[in-house]
Amino acid sequence: MGSTAEDFVIKPMKGEHGFGAEIYGLDVNNITDEQVDRLRDTIQRYLLVVLKHQHDETPQKNWELLNRLSPDAPKFTPEEWALMYNPDPQGAGILPKLGYLVLPGTERLFLMGKGYQGEDHWGLKDIDIPEVFADAYYSKPLPHEDYHNGVARFQSWHIDGPSYKIDHPMFTSFRIIKFPEGEQTVDWADGSGLTKKVKAGRTAFFSSAKLYDMLTKEEQAIADYSWAEYMYFPYEWILRCRGNPQGLLVACEGREVPDEQMDAMPRNPEDQLVLPLVWVNPVTGGKHFHVQPNIVRRVFVRSGPDEEPKIIDDVKEVRDFFTKFQYRIIRPENIYVGPEEEGDQLLFFNWGVMHSKIDYPIEMGTRTTHQGWLAGDRPPKGPVPIPDPRARSSIYYQK
């Protein structure tokens, strides 16, 4: 039998990071409609929740929960999904590099992790997931010896989704089945001297609402009235780029796919995302400075409704602009790293937190997770209207 609504216990997390809650007494395999409604509200209020003790959850019930949390999410085929990342129908580009494996009986719930996953993992046979990015990803290399002695980096602070054609997912599910063993020290490696002790195989998060609150009044005005144009097929654009050592942005080394090559890709201009810098939480009304800066092509900057925006389209200047706003949140006390235990399931509000993988060497053990999301059923809203991102008639979008 499923747990009743009265058994659904919310325990807010403690700590300076300022968000998150643990949930007890919920069985995803037998969750009721009433509990789904309450859970949807709770995720948006706390930005991230950890469902405790989900050891017996099936992938099919995991995927079903995502669909019940977002019942109006648009549907698309695996082939349509792949074409959101690259227009090549043969599957060239970022997706083969990531090596996503769909769990049988679901549409897009993925087996993710590292190492040998067993003879039969929910119908996937003899899967051995290799190291993909590991220590070689960064513009400032992480020395091989340090990496294998417990030094780690944040890989890339990001929002889930292709950031092209479909709206960003509201909710992501991330269920932990097996963790590696041991601890690591995340090193910012950017001259700040900052480090953070973490358990291996975990994921890092920060609140974009807390980031907004850290801005000055003048910066908040700019954030409220400005907007960003994301690159089309953005992950193809930065496929060859290397990451900054603290995970924010990518390094400006000229490794982006050249504009003329990107322009040659067949696409619908109306599928390119144009979004406010601030997303308003639909439950709390709180403001989130919510931008994935490494895939923004242009930013339109103003600090009031009657100002003509300044258009920044130099890639380095775009990234410098967002570094000024976002770097301040990347501090140990602002970052939650988790979850703690095998059997925990993270559900996070993709419109309210950004997250980053923390890689580890395979000798620390196998990591097994199930991760999935559905496209948003609408775009996020900012505090003020911006030029219509779906109708490309505005003079701002004429190159």
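Cβ from N, Cα, C; glycine included.
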Same Fe cation site as His158, Asp160 according to Swiss-Prot: which of His355, His370?
His355
Would you mind telling me which of 284-312, 371-399 Swiss-Prot tags as region 'Disordered'?
371-399
State the Cα to Cα distance, in Å, between Arg367 (2-oxoglutarate binding site) and His158 (Fe cation binding site), rounded to an integer.
21
CB within-chain contacts under 8 A for His158 (Fe cation binding site), separation at least 6:
Gln292, Asn294, Met354, His355, Ser356
Determine which residues of this chain, when His158, Asp160, His355 are set aside, have a Cβ within 8 Å of the centroid of the Fe cation site's Cβ atoms, and list them as they appear in the sequence.
Trp157, Ile159, Thr172, Gln292, Asn350, Met354, Ser356
